[in-house]
Amino acid sequence: MSRERRSTTGRRSPNNGPMGRGRYLFLLGIVIIGLGALVSRIAYLNVIDRDFLQNQGDARTLRVEPINAHRGMISDRNGDPLAISTPVVTLWANPQELPSDPAQLTTLARALKMDPDTLEARVERYSEHEFMYLRRRMTPEAAKPARDLDIPGVYAKDEYKRYYPSGDVAAQLVGVTNVDDHGQEGLELAYDDYLSGQPGKRRVLKDRKGRLVRDLHLLKDAKPGGDLTLSIDLRLQYMAYRELQKSVDEHDADGGSLVMMDARSGEVLAMANLPSYNPNNRTSIDVNGLRNQAVTDAIEPGSVMKPLAMSAALATDKIDPDTVIDTSPGWMVIDGYTISDFRNYGKLTPGGILLHSSNIGMSHIALKLDKGTIWKQYQKLGLGQPPGTGFPGEGSGSLPSLTGLSRSAQATMAYGYGLSLTPLQLASAYTAIANDGRRLHPSLLKRTSAPIGDQVMSPTIAHELLGMLEKIVQPDAGGSRAMVEGYRIAGKTGTVRKVTAGGYQQKAYRGLFAGIAPVSDPRIVTVVMIDNPKGDEYYGGLVAAPVFGRVVGKALRLLDVPPDKQETSE
Ligand code: 59J
(Lines of atoms letter the chains of each structure in order from A and count residues from 1; the text may use other names and numbers.)
(Lines give C-alpha, C1' and ligand atoms only; values in the text may rest on other atoms or scores of the structure.)
Protein backbone atom coordinates (compact mmCIF):
# COMPACT_ATOMS: atom_id res chain seq x y z
CA MET A 1 0.00 0.00 0.00
CA SER A 2 2.53 2.57 1.15
CA ARG A 3 5.00 1.49 -1.50
CA GLU A 4 2.43 1.95 -4.15
CA ARG A 5 1.58 5.38 -2.98
CA ARG A 6 5.23 6.30 -3.03
CA SER A 7 5.75 5.12 -6.58
CA THR A 8 2.72 6.99 -7.87
CA THR A 9 3.96 10.25 -6.42
CA GLY A 10 7.43 9.58 -7.78
CA ARG A 11 9.09 11.00 -4.66
CA ARG A 12 12.01 9.20 -3.09
CA SER A 13 14.23 10.01 -0.15
CA PRO A 14 17.87 10.79 -1.06
CA ASN A 15 19.10 8.01 1.20
CA ASN A 16 17.65 5.60 -1.33
CA GLY A 17 17.27 1.75 -1.36
CA PRO A 18 14.86 -0.12 0.89
CA MET A 19 17.44 -0.31 3.62
CA GLY A 20 20.26 1.99 4.39
CA ARG A 21 23.78 0.62 4.89
CA GLY A 22 23.88 1.62 8.55
CA ARG A 23 20.66 -0.16 9.30
CA TYR A 24 21.89 -3.29 7.52
CA LEU A 25 25.00 -3.54 9.63
CA PHE A 26 23.00 -2.96 12.75
CA LEU A 27 20.61 -5.82 12.01
CA LEU A 28 23.42 -8.16 11.02
CA GLY A 29 25.03 -7.51 14.37
CA ILE A 30 21.85 -8.39 16.20
CA VAL A 31 21.49 -11.66 14.29
CA ILE A 32 25.08 -12.64 15.08
CA ILE A 33 24.67 -11.86 18.75
CA GLY A 34 21.38 -13.79 18.83
CA LEU A 35 22.89 -16.86 17.23
CA GLY A 36 25.83 -16.76 19.55
CA ALA A 37 23.54 -16.66 22.55
CA LEU A 38 21.53 -19.59 21.22
CA VAL A 39 24.58 -21.74 20.54
CA SER A 40 26.01 -21.12 23.97
CA ARG A 41 22.66 -21.87 25.60
CA ILE A 42 22.41 -25.19 23.72
CA ALA A 43 25.95 -26.05 24.73
CA TYR A 44 25.16 -25.17 28.33
CA LEU A 45 22.01 -27.28 28.45
CA ASN A 46 23.62 -30.23 26.71
CA VAL A 47 26.92 -30.35 28.43
CA ILE A 48 26.87 -28.55 31.72
CA ASP A 49 23.29 -28.85 32.95
CA ARG A 50 22.45 -32.19 31.32
CA ASP A 51 22.32 -34.45 34.31
CA PHE A 52 20.22 -32.14 36.36
CA LEU A 53 17.63 -31.71 33.63
CA GLN A 54 17.45 -35.37 32.79
CA ASN A 55 16.86 -36.29 36.40
CA GLN A 56 14.07 -33.81 36.69
CA GLY A 57 12.44 -35.02 33.43
CA ASP A 58 12.70 -38.60 34.49
CA ALA A 59 11.48 -38.11 37.96
CA ARG A 60 8.18 -36.48 37.10
CA THR A 61 6.20 -36.36 33.93
CA LEU A 62 2.94 -34.70 33.27
CA ARG A 63 0.88 -36.95 31.09
CA VAL A 64 -2.55 -36.90 29.59
CA GLU A 65 -4.28 -40.22 30.22
CA PRO A 66 -7.42 -41.37 28.43
CA ILE A 67 -10.59 -42.11 30.35
CA ASN A 68 -12.51 -44.96 28.73
CA ALA A 69 -15.97 -43.99 27.49
CA HIS A 70 -18.87 -46.32 28.10
CA ARG A 71 -19.77 -48.12 24.86
CA GLY A 72 -23.44 -47.87 23.95
CA MET A 73 -25.79 -50.80 24.27
CA ILE A 74 -27.15 -52.71 21.29
CA SER A 75 -30.66 -53.91 21.92
CA ASP A 76 -33.49 -55.55 20.04
CA ARG A 77 -36.62 -53.64 19.04
CA ASN A 78 -38.15 -54.18 22.49
CA GLY A 79 -35.08 -53.11 24.44
CA ASP A 80 -33.78 -56.59 25.17
CA PRO A 81 -29.98 -56.41 25.28
CA LEU A 82 -27.84 -57.88 22.49
CA ALA A 83 -24.55 -56.26 23.49
CA ILE A 84 -23.82 -54.53 26.77
CA SER A 85 -20.77 -52.97 28.36
CA THR A 86 -20.44 -53.41 32.07
CA PRO A 87 -17.78 -51.69 34.18
CA VAL A 88 -15.05 -54.02 35.37
CA VAL A 89 -11.92 -53.47 37.41
CA THR A 90 -8.57 -55.05 36.77
CA LEU A 91 -6.31 -55.12 39.80
CA TRP A 92 -2.58 -55.39 39.25
CA ALA A 93 0.51 -55.06 41.35
CA ASN A 94 4.10 -53.98 41.07
CA PRO A 95 5.89 -56.67 43.08
CA GLN A 96 8.81 -54.27 43.62
CA GLU A 97 6.59 -51.95 45.60
CA LEU A 98 4.48 -54.45 47.49
CA PRO A 99 5.14 -54.46 51.23
CA SER A 100 7.43 -57.24 52.35
CA ASP A 101 5.28 -57.83 55.43
CA PRO A 102 3.50 -61.18 54.78
CA ALA A 103 0.55 -60.11 56.96
CA GLN A 104 -0.30 -57.37 54.45
CA LEU A 105 -0.23 -59.86 51.59
CA THR A 106 -2.55 -62.14 53.54
CA THR A 107 -4.98 -59.25 54.05
CA LEU A 108 -4.82 -58.50 50.35
CA ALA A 109 -5.43 -62.14 49.45
CA ARG A 110 -8.47 -62.27 51.74
CA ALA A 111 -9.88 -59.10 50.20
CA LEU A 112 -9.42 -60.68 46.77
CA LYS A 113 -10.96 -63.94 47.96
CA MET A 114 -7.71 -65.69 47.05
CA ASP A 115 -5.74 -68.29 48.89
CA PRO A 116 -2.93 -66.35 50.75
CA ASP A 117 -0.33 -69.03 49.94
CA THR A 118 -1.18 -68.91 46.26
CA LEU A 119 -0.84 -65.13 46.19
CA GLU A 120 2.44 -65.24 48.08
CA ALA A 121 3.79 -67.81 45.65
CA ARG A 122 2.79 -65.71 42.67
CA VAL A 123 4.30 -62.54 44.09
CA GLU A 124 7.46 -64.54 44.66
CA ARG A 125 7.42 -65.80 41.08
CA TYR A 126 7.03 -62.24 39.76
CA SER A 127 9.47 -60.70 42.22
CA GLU A 128 11.84 -59.68 39.43
CA HIS A 129 9.06 -58.02 37.43
CA GLU A 130 7.32 -54.70 37.79
CA PHE A 131 3.92 -55.89 36.75
CA MET A 132 1.61 -58.76 37.60
CA TYR A 133 -2.12 -59.19 37.42
CA LEU A 134 -3.87 -59.78 40.72
CA ARG A 135 -7.29 -60.34 39.22
CA ARG A 136 -8.64 -59.25 35.87
CA ARG A 137 -12.03 -57.85 35.00
CA MET A 138 -13.77 -58.18 38.35
CA THR A 139 -17.04 -56.51 39.17
CA PRO A 140 -16.45 -53.12 40.83
CA GLU A 141 -18.05 -54.50 44.02
CA ALA A 142 -15.70 -57.46 44.10
CA ALA A 143 -12.70 -55.19 43.61
CA LYS A 144 -13.69 -52.64 46.25
CA PRO A 145 -12.39 -54.38 49.43
CA ALA A 146 -8.92 -54.88 47.93
CA ARG A 147 -8.93 -51.37 46.50
CA ASP A 148 -9.90 -49.84 49.83
CA LEU A 149 -6.92 -51.41 51.59
CA ASP A 150 -4.65 -48.85 49.84
CA ILE A 151 -1.75 -51.23 49.91
CA PRO A 152 1.26 -49.68 48.18
CA GLY A 153 2.05 -51.32 44.85
CA VAL A 154 -1.56 -52.33 44.20
CA TYR A 155 -3.20 -50.59 41.27
CA ALA A 156 -6.62 -50.63 39.72
CA LYS A 157 -7.61 -50.05 36.12
CA ASP A 158 -11.21 -49.22 35.24
CA GLU A 159 -12.37 -50.91 32.07
CA TYR A 160 -15.53 -52.09 30.36
CA LYS A 161 -16.34 -55.60 29.36
CA ARG A 162 -18.56 -56.28 26.34
CA TYR A 163 -21.05 -59.04 26.86
CA TYR A 164 -23.40 -60.57 24.31
CA PRO A 165 -26.41 -62.04 26.15
CA SER A 166 -27.74 -63.79 23.04
CA GLY A 167 -24.41 -65.46 22.26
CA ASP A 168 -24.32 -67.36 18.97
CA VAL A 169 -28.00 -66.64 18.21
CA ALA A 170 -27.41 -63.20 16.69
CA ALA A 171 -23.62 -63.33 16.54
CA GLN A 172 -23.00 -62.38 12.89
CA LEU A 173 -25.56 -59.60 12.91
CA VAL A 174 -24.45 -57.93 16.14
CA GLY A 175 -20.77 -58.62 15.51
CA VAL A 176 -17.98 -58.28 18.08
CA THR A 177 -15.50 -55.78 19.44
CA ASN A 178 -11.79 -56.45 19.76
CA VAL A 179 -9.81 -56.35 23.02
CA ASP A 180 -9.58 -52.57 22.72
CA ASP A 181 -13.38 -52.31 22.65
CA HIS A 182 -13.53 -51.32 18.98
CA GLY A 183 -16.10 -52.82 16.61
CA GLN A 184 -14.55 -55.59 14.60
CA GLU A 185 -17.46 -57.28 12.83
CA GLY A 186 -21.14 -56.75 12.08
CA LEU A 187 -23.11 -53.83 13.48
CA GLU A 188 -20.47 -53.34 16.18
CA LEU A 189 -18.19 -52.37 13.29
CA ALA A 190 -20.77 -50.50 11.18
CA TYR A 191 -21.81 -48.23 14.06
CA ASP A 192 -18.48 -48.17 15.89
CA ASP A 193 -18.14 -44.38 16.01
CA TYR A 194 -21.66 -43.94 17.28
CA LEU A 195 -21.37 -46.70 19.89
CA SER A 196 -17.88 -45.70 21.04
CA GLY A 197 -18.55 -42.18 22.21
CA GLN A 198 -15.43 -40.13 22.99
CA PRO A 199 -12.80 -40.99 25.53
CA GLY A 200 -12.16 -38.34 28.17
CA LYS A 201 -8.79 -36.99 29.26
CA ARG A 202 -7.23 -36.32 32.57
CA ARG A 203 -3.86 -34.87 33.45
CA VAL A 204 -1.76 -37.01 35.73
CA LEU A 205 1.65 -36.80 37.21
CA LYS A 206 3.70 -39.95 36.83
CA ASP A 207 7.11 -40.93 37.98
CA ARG A 208 9.99 -42.47 36.06
CA LYS A 209 8.49 -45.96 36.23
CA GLY A 210 5.13 -44.83 34.99
CA ARG A 211 3.58 -44.97 38.39
CA LEU A 212 0.79 -42.57 39.07
CA VAL A 213 1.95 -39.92 41.48
CA ARG A 214 -1.09 -37.74 41.41
CA ASP A 215 -4.35 -37.42 39.56
CA LEU A 216 -4.12 -33.71 38.80
CA HIS A 217 -7.30 -32.78 37.10
CA LEU A 218 -9.98 -33.71 34.65
CA LEU A 219 -9.42 -32.16 31.23
CA LYS A 220 -12.43 -33.61 29.48
CA ASP A 221 -15.22 -35.88 30.61
CA ALA A 222 -15.65 -39.12 28.67
CA LYS A 223 -18.68 -38.84 26.38
CA PRO A 224 -20.57 -42.14 26.51
CA GLY A 225 -21.52 -43.81 23.23
CA GLY A 226 -25.07 -43.93 21.93
CA ASP A 227 -27.41 -46.91 22.21
CA LEU A 228 -28.44 -48.75 19.06
CA THR A 229 -31.91 -50.25 18.71
CA LEU A 230 -32.16 -52.97 16.11
CA SER A 231 -35.22 -54.00 14.14
CA ILE A 232 -34.73 -57.57 15.38
CA ASP A 233 -37.24 -59.12 17.77
CA LEU A 234 -35.09 -61.29 20.00
CA ARG A 235 -37.93 -63.75 20.65
CA LEU A 236 -38.27 -64.37 16.92
CA GLN A 237 -34.51 -64.44 16.54
CA TYR A 238 -34.11 -67.22 19.13
CA MET A 239 -36.83 -69.24 17.52
CA ALA A 240 -35.50 -68.75 13.99
CA TYR A 241 -32.02 -69.77 15.06
CA ARG A 242 -33.23 -72.86 16.89
CA GLU A 243 -35.39 -74.09 14.01
CA LEU A 244 -32.66 -73.37 11.46
CA GLN A 245 -30.23 -75.32 13.61
CA LYS A 246 -32.64 -78.26 13.81
CA SER A 247 -32.91 -78.52 10.04
CA VAL A 248 -29.17 -78.05 9.47
CA ASP A 249 -28.45 -80.83 11.98
CA GLU A 250 -31.17 -83.14 10.73
CA HIS A 251 -29.99 -82.89 7.11
CA ASP A 252 -26.30 -82.69 7.92
CA ALA A 253 -26.14 -79.42 5.98
CA ASP A 254 -23.13 -77.11 5.74
CA GLY A 255 -25.18 -74.19 7.03
CA GLY A 256 -28.19 -72.05 6.38
CA SER A 257 -29.76 -68.62 6.63
CA LEU A 258 -33.13 -67.25 7.59
CA VAL A 259 -34.42 -63.72 7.06
CA MET A 260 -37.78 -62.57 8.37
CA MET A 261 -38.97 -59.11 7.32
CA ASP A 262 -41.93 -57.07 8.46
CA ALA A 263 -44.06 -56.87 5.30
CA ARG A 264 -45.32 -53.40 6.21
CA SER A 265 -42.19 -51.63 7.39
CA GLY A 266 -39.28 -53.43 5.75
CA GLU A 267 -37.73 -54.01 9.17
CA VAL A 268 -35.79 -57.23 9.57
CA LEU A 269 -37.40 -59.06 12.49
CA ALA A 270 -35.05 -62.04 12.51
CA MET A 271 -31.81 -62.86 10.74
CA ALA A 272 -30.15 -66.14 11.62
CA ASN A 273 -27.10 -67.81 10.11
CA LEU A 274 -25.29 -71.09 10.50
CA PRO A 275 -22.52 -71.85 11.13
CA SER A 276 -22.25 -69.42 14.00
CA TYR A 277 -19.89 -68.67 16.88
CA ASN A 278 -19.98 -67.60 20.49
CA PRO A 279 -18.92 -63.94 20.64
CA ASN A 280 -18.36 -64.21 24.40
CA ASN A 281 -15.57 -66.70 23.92
CA ARG A 282 -12.99 -64.95 21.83
CA THR A 283 -10.53 -67.82 21.79
CA SER A 284 -12.97 -70.18 20.11
CA ILE A 285 -14.13 -67.93 17.28
CA ASP A 286 -14.46 -70.01 14.13
CA VAL A 287 -13.97 -67.80 11.06
CA ASN A 288 -16.57 -69.83 9.16
CA GLY A 289 -19.19 -68.58 11.57
CA LEU A 290 -18.27 -64.92 11.28
CA ARG A 291 -20.08 -64.01 8.07
CA ASN A 292 -23.64 -62.75 8.16
CA GLN A 293 -24.37 -64.77 5.04
CA ALA A 294 -27.94 -63.54 4.78
CA VAL A 295 -26.54 -60.07 4.02
CA THR A 296 -23.11 -60.74 2.54
CA ASP A 297 -23.33 -63.91 0.45
CA ALA A 298 -24.97 -63.77 -2.96
CA ILE A 299 -26.31 -67.11 -4.16
CA GLU A 300 -27.92 -68.35 -7.34
CA PRO A 301 -31.59 -68.43 -6.28
CA GLY A 302 -33.20 -70.79 -8.82
CA SER A 303 -36.96 -71.33 -8.73
CA VAL A 304 -37.79 -68.85 -5.97
CA MET A 305 -37.27 -66.21 -8.70
CA LYS A 306 -40.13 -67.57 -10.79
CA PRO A 307 -42.91 -65.50 -9.15
CA LEU A 308 -40.76 -62.36 -9.54
CA ALA A 309 -40.12 -63.07 -13.22
CA MET A 310 -43.84 -63.78 -13.57
CA SER A 311 -44.64 -60.32 -12.18
CA ALA A 312 -42.86 -58.85 -15.21
CA ALA A 313 -44.70 -61.16 -17.63
CA LEU A 314 -48.13 -60.38 -16.15
CA ALA A 315 -47.51 -56.66 -16.63
CA THR A 316 -47.30 -57.14 -20.41
CA ASP A 317 -50.20 -57.78 -22.78
CA LYS A 318 -48.57 -61.09 -23.77
CA ILE A 319 -49.26 -63.01 -20.55
CA ASP A 320 -52.26 -62.96 -18.22
CA PRO A 321 -53.33 -65.41 -15.51
CA ASP A 322 -55.30 -67.50 -18.06
CA THR A 323 -52.64 -67.74 -20.75
CA VAL A 324 -51.91 -71.41 -21.53
CA ILE A 325 -48.32 -72.47 -22.12
CA ASP A 326 -47.52 -75.92 -23.45
CA THR A 327 -44.53 -77.29 -21.54
CA SER A 328 -44.49 -80.64 -23.39
CA PRO A 329 -42.46 -82.75 -23.64
CA GLY A 330 -40.84 -81.48 -20.41
CA TRP A 331 -37.62 -80.39 -22.01
CA MET A 332 -36.44 -77.97 -24.67
CA VAL A 333 -33.22 -76.92 -26.35
CA ILE A 334 -32.21 -73.25 -26.65
CA ASP A 335 -28.93 -72.29 -28.36
CA GLY A 336 -27.74 -75.86 -27.85
CA TYR A 337 -28.54 -75.89 -24.11
CA THR A 338 -31.10 -78.38 -22.82
CA ILE A 339 -33.56 -77.13 -20.24
CA SER A 340 -35.73 -79.65 -18.45
CA ASP A 341 -38.54 -80.05 -15.99
CA PHE A 342 -38.83 -82.68 -13.26
CA ARG A 343 -41.43 -84.34 -15.49
CA ASN A 344 -43.74 -83.44 -18.40
CA TYR A 345 -46.51 -81.19 -17.03
CA GLY A 346 -48.20 -80.53 -20.39
CA LYS A 347 -50.32 -77.38 -20.71
CA LEU A 348 -50.01 -74.93 -17.80
CA THR A 349 -51.30 -71.49 -16.88
CA PRO A 350 -48.96 -69.09 -15.02
CA GLY A 351 -50.41 -70.43 -11.76
CA GLY A 352 -49.68 -73.99 -12.91
CA ILE A 353 -46.15 -73.08 -13.94
CA LEU A 354 -45.46 -71.74 -10.43
CA LEU A 355 -47.26 -74.66 -8.75
CA HIS A 356 -45.19 -77.29 -10.58
CA SER A 357 -42.16 -75.05 -10.77
CA SER A 358 -41.83 -75.57 -14.49
CA ASN A 359 -38.52 -74.40 -15.92
CA ILE A 360 -39.89 -74.96 -19.42
CA GLY A 361 -42.99 -72.86 -18.73
CA MET A 362 -40.86 -69.98 -17.46
CA SER A 363 -38.52 -70.30 -20.44
CA HIS A 364 -41.39 -70.12 -22.96
CA ILE A 365 -42.75 -67.06 -21.19
CA ALA A 366 -39.36 -65.35 -21.06
CA LEU A 367 -38.83 -65.88 -24.80
CA LYS A 368 -42.25 -64.38 -25.62
CA LEU A 369 -41.25 -61.16 -23.87
CA ASP A 370 -38.83 -58.47 -24.96
CA LYS A 371 -35.29 -59.27 -23.94
CA GLY A 372 -35.19 -56.62 -21.21
CA THR A 373 -38.63 -57.14 -19.63
CA ILE A 374 -37.65 -59.56 -16.86
CA TRP A 375 -34.19 -58.05 -16.54
CA LYS A 376 -35.64 -54.59 -15.86
CA GLN A 377 -38.09 -56.00 -13.34
CA TYR A 378 -35.28 -57.76 -11.48
CA GLN A 379 -33.41 -54.49 -11.35
CA LYS A 380 -36.46 -52.70 -9.95
CA LEU A 381 -36.66 -55.45 -7.34
CA GLY A 382 -33.17 -54.48 -6.15
CA LEU A 383 -30.97 -57.11 -7.79
CA GLY A 384 -27.44 -56.01 -8.52
CA GLN A 385 -27.68 -53.10 -6.10
CA PRO A 386 -26.73 -52.83 -2.44
CA PRO A 387 -29.85 -52.92 -0.24
CA GLY A 388 -28.47 -50.01 1.77
CA THR A 389 -28.50 -51.44 5.27
CA GLY A 390 -25.00 -50.14 5.98
CA PHE A 391 -23.93 -53.60 7.05
CA PRO A 392 -20.19 -54.22 6.47
CA GLY A 393 -19.65 -56.29 3.33
CA GLU A 394 -23.28 -56.06 2.30
CA GLY A 395 -23.73 -58.02 -0.93
CA SER A 396 -25.34 -56.56 -4.06
CA GLY A 397 -25.76 -59.77 -6.01
CA SER A 398 -25.41 -59.56 -9.76
CA LEU A 399 -27.43 -59.43 -12.93
CA PRO A 400 -25.89 -60.34 -16.28
CA SER A 401 -25.34 -57.49 -18.70
CA LEU A 402 -28.50 -56.81 -20.70
CA THR A 403 -26.70 -55.86 -23.92
CA GLY A 404 -25.06 -59.22 -24.42
CA LEU A 405 -27.91 -61.34 -23.07
CA SER A 406 -28.31 -64.53 -25.13
CA ARG A 407 -31.64 -66.24 -25.70
CA SER A 408 -30.65 -69.07 -23.38
CA ALA A 409 -29.65 -66.60 -20.66
CA GLN A 410 -32.94 -64.78 -21.17
CA ALA A 411 -34.74 -68.07 -20.48
CA THR A 412 -32.62 -69.30 -17.56
CA MET A 413 -32.85 -65.90 -15.85
CA ALA A 414 -36.63 -66.37 -15.73
CA TYR A 415 -36.27 -69.48 -13.60
CA GLY A 416 -33.51 -68.09 -11.43
CA TYR A 417 -30.15 -69.00 -12.93
CA GLY A 418 -27.32 -66.86 -14.27
CA LEU A 419 -27.87 -64.22 -11.60
CA SER A 420 -27.30 -63.97 -7.88
CA LEU A 421 -28.73 -62.29 -4.82
CA THR A 422 -28.47 -62.45 -1.06
CA PRO A 423 -31.24 -63.94 1.11
CA LEU A 424 -31.90 -60.40 2.36
CA GLN A 425 -32.40 -59.13 -1.21
CA LEU A 426 -34.74 -62.03 -1.90
CA ALA A 427 -36.85 -61.23 1.15
CA SER A 428 -36.97 -57.57 0.16
CA ALA A 429 -38.08 -58.50 -3.39
CA TYR A 430 -40.90 -60.65 -1.95
CA THR A 431 -42.24 -57.73 0.09
CA ALA A 432 -43.57 -56.38 -3.24
CA ILE A 433 -45.88 -59.41 -3.54
CA ALA A 434 -46.88 -59.04 0.11
CA ASN A 435 -47.35 -55.30 0.05
CA ASP A 436 -49.64 -54.49 -2.91
CA GLY A 437 -46.72 -54.27 -5.31
CA ARG A 438 -44.54 -51.94 -3.27
CA ARG A 439 -41.08 -53.30 -2.55
CA LEU A 440 -39.72 -52.20 0.81
CA HIS A 441 -36.07 -51.55 1.40
CA PRO A 442 -34.80 -53.58 4.33
CA SER A 443 -33.73 -52.01 7.60
CA LEU A 444 -31.66 -53.61 10.34
CA LEU A 445 -32.46 -50.77 12.73
CA LYS A 446 -35.82 -50.10 14.27
CA ARG A 447 -37.52 -47.60 12.02
CA THR A 448 -38.20 -44.11 13.28
CA SER A 449 -39.57 -42.87 9.97
CA ALA A 450 -41.77 -44.17 7.18
CA PRO A 451 -40.33 -47.10 5.20
CA ILE A 452 -38.72 -46.51 1.83
CA GLY A 453 -40.30 -48.44 -1.00
CA ASP A 454 -40.82 -48.57 -4.74
CA GLN A 455 -43.99 -49.57 -6.58
CA VAL A 456 -42.61 -52.34 -8.79
CA MET A 457 -45.84 -54.11 -9.77
CA SER A 458 -49.51 -53.22 -9.79
CA PRO A 459 -51.58 -54.16 -6.72
CA THR A 460 -53.61 -56.44 -9.04
CA ILE A 461 -50.55 -58.41 -10.12
CA ALA A 462 -49.32 -58.65 -6.52
CA HIS A 463 -52.68 -60.10 -5.48
CA GLU A 464 -52.74 -62.52 -8.41
CA LEU A 465 -49.28 -63.78 -7.50
CA LEU A 466 -50.21 -64.11 -3.85
CA GLY A 467 -53.13 -66.32 -4.90
CA MET A 468 -50.89 -68.47 -7.10
CA LEU A 469 -48.33 -68.86 -4.31
CA GLU A 470 -51.04 -69.86 -1.84
CA LYS A 471 -51.82 -72.85 -4.12
CA ILE A 472 -48.25 -74.07 -3.51
CA VAL A 473 -48.70 -74.20 0.28
CA GLN A 474 -51.48 -76.81 0.27
CA PRO A 475 -51.61 -80.40 1.55
CA ASP A 476 -50.66 -82.08 -1.72
CA ALA A 477 -48.42 -79.39 -3.25
CA GLY A 478 -44.65 -78.83 -3.12
CA GLY A 479 -44.84 -76.35 -0.25
CA SER A 480 -47.12 -78.40 2.02
CA ARG A 481 -44.58 -78.44 4.83
CA ALA A 482 -44.69 -74.65 5.05
CA MET A 483 -48.33 -74.82 6.13
CA VAL A 484 -49.26 -73.20 9.41
CA GLU A 485 -52.33 -74.10 11.41
CA GLY A 486 -54.89 -71.32 11.42
CA TYR A 487 -53.21 -69.16 8.80
CA ARG A 488 -53.20 -68.88 5.02
CA ILE A 489 -49.65 -69.04 3.68
CA ALA A 490 -48.18 -68.21 0.25
CA GLY A 491 -44.73 -69.28 -0.85
CA LYS A 492 -42.37 -70.84 -3.33
CA THR A 493 -39.90 -73.69 -3.01
CA GLY A 494 -36.60 -73.96 -4.81
CA THR A 495 -33.92 -76.60 -5.20
CA VAL A 496 -30.73 -75.38 -6.78
CA ARG A 497 -27.71 -77.31 -7.85
CA LYS A 498 -24.65 -75.62 -6.42
CA VAL A 499 -22.00 -74.25 -8.72
CA THR A 500 -18.33 -74.93 -8.24
CA ALA A 501 -15.32 -74.32 -10.45
CA GLY A 502 -16.32 -77.34 -12.55
CA GLY A 503 -19.88 -76.12 -13.17
CA TYR A 504 -23.16 -77.33 -11.67
CA GLN A 505 -22.65 -80.15 -9.19
CA GLN A 506 -24.50 -83.41 -9.34
CA LYS A 507 -24.84 -83.91 -5.65
CA ALA A 508 -24.63 -80.54 -3.93
CA TYR A 509 -27.74 -78.43 -3.54
CA ARG A 510 -29.33 -75.50 -1.78
CA GLY A 511 -32.89 -75.90 -0.59
CA LEU A 512 -34.90 -72.67 -0.43
CA PHE A 513 -38.28 -71.42 0.59
CA ALA A 514 -39.58 -67.85 0.29
CA GLY A 515 -43.01 -67.07 1.63
CA ILE A 516 -45.58 -64.61 2.92
CA ALA A 517 -48.03 -64.78 5.85
CA PRO A 518 -50.90 -64.44 6.37
CA VAL A 519 -52.34 -64.19 2.87
CA SER A 520 -55.42 -62.14 3.75
CA ASP A 521 -53.35 -59.31 5.21
CA PRO A 522 -49.60 -60.02 4.89
CA ARG A 523 -47.49 -59.21 7.92
CA ILE A 524 -44.24 -61.11 7.42
CA VAL A 525 -42.01 -62.25 4.57
CA THR A 526 -39.58 -65.05 5.35
CA VAL A 527 -36.76 -66.62 3.37
CA VAL A 528 -35.11 -69.89 4.45
CA MET A 529 -31.99 -71.29 2.80
CA ILE A 530 -30.36 -74.62 3.71
CA ASP A 531 -26.88 -75.03 2.30
CA ASN A 532 -25.80 -78.43 1.03
CA PRO A 533 -28.14 -80.81 2.81
CA LYS A 534 -26.75 -84.35 2.49
CA GLY A 535 -28.83 -87.43 1.99
CA ASP A 536 -31.93 -88.04 -0.08
CA GLU A 537 -33.93 -85.17 1.34
CA TYR A 538 -32.49 -82.08 -0.22
CA TYR A 539 -35.46 -80.41 -1.92
CA GLY A 540 -36.41 -76.95 -0.73
CA GLY A 541 -39.85 -78.33 0.01
CA LEU A 542 -38.32 -80.87 2.40
CA VAL A 543 -35.46 -79.02 4.08
CA ALA A 544 -36.43 -75.31 4.02
CA ALA A 545 -40.24 -75.31 3.98
CA PRO A 546 -40.55 -77.09 7.39
CA VAL A 547 -38.33 -74.42 8.99
CA PHE A 548 -40.53 -71.75 7.42
CA GLY A 549 -43.69 -73.44 8.73
CA ARG A 550 -42.46 -73.77 12.31
CA VAL A 551 -40.86 -70.31 12.53
CA VAL A 552 -43.69 -68.44 10.82
CA GLY A 553 -46.34 -70.27 12.84
CA LYS A 554 -44.74 -69.27 16.13
CA ALA A 555 -44.01 -65.76 14.88
CA LEU A 556 -47.62 -65.11 13.87
CA ARG A 557 -48.81 -66.18 17.30
CA LEU A 558 -46.12 -64.16 19.10
CA LEU A 559 -47.01 -61.10 17.06
CA ASP A 560 -50.70 -61.63 17.85
CA VAL A 561 -51.65 -61.79 14.21
CA PRO A 562 -55.30 -62.85 13.98
CA PRO A 563 -55.75 -66.26 12.27
CA ASP A 564 -57.30 -65.92 8.79
CA LYS A 565 -58.09 -69.55 8.05
CA GLN A 566 -61.04 -71.66 9.06
CA GLU A 567 -59.56 -75.09 9.75
CA THR A 568 -61.48 -77.63 7.72
CA SER A 569 -60.78 -80.52 10.04
CA GLU A 570 -61.89 -83.72 8.30
C1 59J B 1 -32.58 -78.97 -10.00
C2 59J B 1 -31.01 -76.66 -11.47
C3 59J B 1 -29.04 -75.92 -12.66
C4 59J B 1 -28.72 -74.78 -13.53
C5 59J B 1 -32.31 -79.86 -11.04
C6 59J B 1 -32.51 -79.37 -8.69
C7 59J B 1 -31.16 -76.05 -13.84
C8 59J B 1 -30.54 -75.43 -14.98
C9 59J B 1 -28.60 -74.32 -15.94
C10 59J B 1 -31.95 -81.16 -10.74
C11 59J B 1 -32.17 -80.66 -8.40
C12 59J B 1 -31.88 -81.55 -9.43
C13 59J B 1 -28.80 -72.83 -15.98
S14 59J B 1 -36.76 -80.05 -9.34
O15 59J B 1 -36.31 -75.61 -7.86
O16 59J B 1 -34.94 -77.49 -11.59
O17 59J B 1 -37.93 -77.82 -4.92
O18 59J B 1 -39.19 -79.48 -4.69
O19 59J B 1 -30.33 -76.68 -10.45
O20 59J B 1 -32.34 -76.45 -13.93
O21 59J B 1 -31.11 -75.37 -16.07
O22 59J B 1 -31.51 -82.80 -9.12
N23 59J B 1 -37.60 -78.38 -7.55
N24 59J B 1 -35.27 -77.42 -9.39
N25 59J B 1 -32.31 -77.03 -11.46
N26 59J B 1 -30.46 -76.21 -12.66
N27 59J B 1 -29.31 -74.86 -14.82
C28 59J B 1 -37.42 -78.49 -8.94
C29 59J B 1 -36.68 -77.30 -9.47
C30 59J B 1 -37.11 -76.16 -8.60
C31 59J B 1 -38.12 -79.26 -6.74
C32 59J B 1 -38.34 -80.66 -7.13
C33 59J B 1 -37.25 -81.14 -8.04
C34 59J B 1 -34.47 -77.48 -10.50
C35 59J B 1 -39.71 -80.86 -7.63
C36 59J B 1 -32.97 -77.57 -10.28
C37 59J B 1 -38.44 -78.84 -5.36
O38 59J B 1 -38.28 -75.80 -8.72
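Placement of Cβ uses the backbone N, Cα and C atoms for every residue, glycine included.
TrEMBL annotations:
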TRANSMEM  21-44  transmembrane segment
DOMAIN    67-215  domain 'Penicillin-binding protein dimerisation'
DOMAIN    256-551  domain 'Penicillin-binding protein transpeptidase'
ACT_SITE  SER303  active site, acyl-ester intermediate
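For the domain 'Penicillin-binding protein transpeptidase' (256-551), the model's pLDDT averages out at 96. Using a 10 Å Cβ-Cβ cutoff, SER303 (active site, acyl-ester intermediate) registers 23 neighbours. Residues in the domain 'Penicillin-binding protein dimerisation' (67-215) partition by DSSP class (helix H, G, I; strand E, B; coil) as 47 helix, 48 strand, 54 coil.
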